[in-house]
Amino acid sequence: MEYNVDSTPYLSLFAALSYGAASMAMVFINKAILMQYANSMTLLTLQQLMTTLLIRFGRVMGYTKARELNIETAKKLVLVSLFYNANVAFALASLKGVNIPMYIAIKRLTPLAVLIAGFFSGKGRPTTQVTLSVLLTAAGVLVAALGDFSFDLFGYSMAFTSVFFQTMYLVLVEKSGAEDGLSSVEIMLYNSVLSLPFLLFLIIATGEFPNSLSILFAKSTSLSFLVILILSLVMGIVLNYTMFLCTIVNSALTTTIVGVLKGVGSTTLGFVLLGGVQVHALNVTGLVINTAGGVWYSLAKYQQKKRNKLPKLTSDVEVRSK
């Protein structure tokens with residue numbers, strides 16, 4: 001199913017809500033599956049393979065009008081796909097050792113990393129509100145980490161590495177415009193196809209394969225595991241589709257804001273679902289500070305975007321009045 005970029009308000013709302021719901025669900029589903037099956041790279045490979053096969057099937061059956069792969073477009077998207085999948089791979093690896101509230105708190109450091117990358121690439125200084133909000137978010141992570149009694153150095157390292165690759169992905173997409181003119185389904189297809197050789201090399205080089213498949217088949221006799229595995233594979237596709245759709249029919253800013261608001265709900269639920277959280281005053285205080293910084297950042301960016309639109313709107317009115 002394809003959508004025109006000139007979306008209706010209903011489609012915009014649907015895209016934002018569906019991305020928020022899928023993103024929130026995916027964190028818990030991935031955490032649940034990784035508690036039983038620790039081979040995160042194999043899991044990501046299966047998700048991307050499932051995406052490729054499903055889109056191919058959709059094209060054959062006429063459910064989607066996604067165009068055939070183009071070598072020139074693929075060349076432009078190789079690095080984008082590499083950074084995107086590295087972000088997801090390290091995020092999955094971090095969930096094996098980091099509880100959900102802390103994982104979300106660390107991932108909220110992405111705007112700070114993007115601002116730093118933008119400053120060194122000559123993008124200019126951000127507004128005072130944006131700067132203060134991302135600093136507040138970072139301070140919240142530091143305070144929360146000091147009160148995290150389940151601290152896992154490997155998990156934290158993976159989460160911070162995921163932030164780095166997510167930043168590289170966002171900066172590269174913005175600078176190159178590599179995804180311009182592609183539908184959400186086409187972006188998913190390129191992303192999954194380009195990522196498979198890299199992921200296959202990774203699971204062989206790290207020694208996950210073929211032992212990971214043996215474990216997978218052995219665990220598949222459990223109905224509960226099978227249900228969570230299928231949910232993980234399906235929701236991986238749904239999350240990618242809704243994220244790309246939200247960015248196309250709304251904007252990257254809307255996707256960021258939805259991600260922050262989703263994080264508020266995920267953080268709250270993370271204290272009571274799937275365990276792994278030892279409640280401590282310092283940890284809770286840090287998470288509250290981090291969440292407040294995330295919401296403040298979203299508001300500051302939204303206001304900045306509105307201000308940037310005003311001169312253009314004024315000039316449009318002037319032209320029409322002449």
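Counting begins at 1 with the first residue displayed.
Positions of Cβ are set from backbone N, Cα and C atoms, glycine also.
Lifted from TrEMBL, the feature list:
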type     : residues : note
DOMAIN   : 22-298   : domain 'Sugar phosphate transporter'
TRANSMEM : 12-34    : transmembrane segment
TRANSMEM : 40-57    : transmembrane segment
TRANSMEM : 77-94    : transmembrane segment
TRANSMEM : 100-120  : transmembrane segment
TRANSMEM : 127-147  : transmembrane segment
TRANSMEM : 153-173  : transmembrane segment
TRANSMEM : 185-205  : transmembrane segment
TRANSMEM : 225-245  : transmembrane segment
TRANSMEM : 252-274  : transmembrane segment
TRANSMEM : 280-299  : transmembrane segment
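Scored by C-beta pairs under 8 angstroms, the transmembrane segment (153-173) has its highest count with 77-94, from the stretches 12-34, 77-94, 185-205, 225-245. For the transmembrane segment (12-34), the partner stretch with the most Cβ pairs below 8 Å, chosen from 77-94, 127-147, 185-205, 225-245, 280-299, is 225-245. Within its own chain, the transmembrane segment (280-299) is flanked in space by residues 101-102, 105, 108, 111, 129-130, 132-149, 256-257, 260-261, 263-264, 267, which lie at least six positions past its ends and keep a Cβ under 8 Å from the stretch. For the transmembrane segment (40-57), same-chain residues at least 6 beyond its ends with a Cβ under 8 Å from one of its own Cβ atoms are 30, 33-34, 64, 66, 85, 88-89, 92-93, 95-96, 185, 188-189, 191-193, 195-196, 199-200, 202-203, 206, 208-209, 212-213, 216, 232-234, 236-237, 240. Same-chain residues lying 6 or more positions outside the transmembrane segment (100-120) and placing a CB less than 8 Å from one of its CB atoms are 27-28, 31, 91, 94, 126, 130-131, 133-135, 137-138, 140-141, 144-145, 148, 156, 159-160, 162-164, 166-168, 170-171, 256, 260, 263, 266-267, 269-271, 273-274, 276-277, 283, 286-287, 290-291, 293-294, 297. The transmembrane segment (185-205) shares the most Cβ pairs under 8 Å with 77-94, out of the stretches 77-94, 127-147, 225-245. Residues 101-102, 105-106, 108-109, 111-112, 115, 156, 280-294, 296-297, 300-301, 303-304 of the same chain lie 6 or more positions beyond the ends of the transmembrane segment (127-147) yet place their CB under 8 Å from a CB of it.
Using a Cβ-Cβ cut-off under 8 Å and counting only residues 6 or more beyond its ends in the same chain, the transmembrane segment (225-245) has close neighbours at 3, 15, 18-19, 22-23, 25-26, 29-30, 32-33, 36-37, 43-44, 46-48, 50-51, 54, 184-185, 187-188, 191, 216, 219, 255. Taken together, the residues of the domain 'Sugar phosphate transporter' (22-298) have an average pLDDT of 83.
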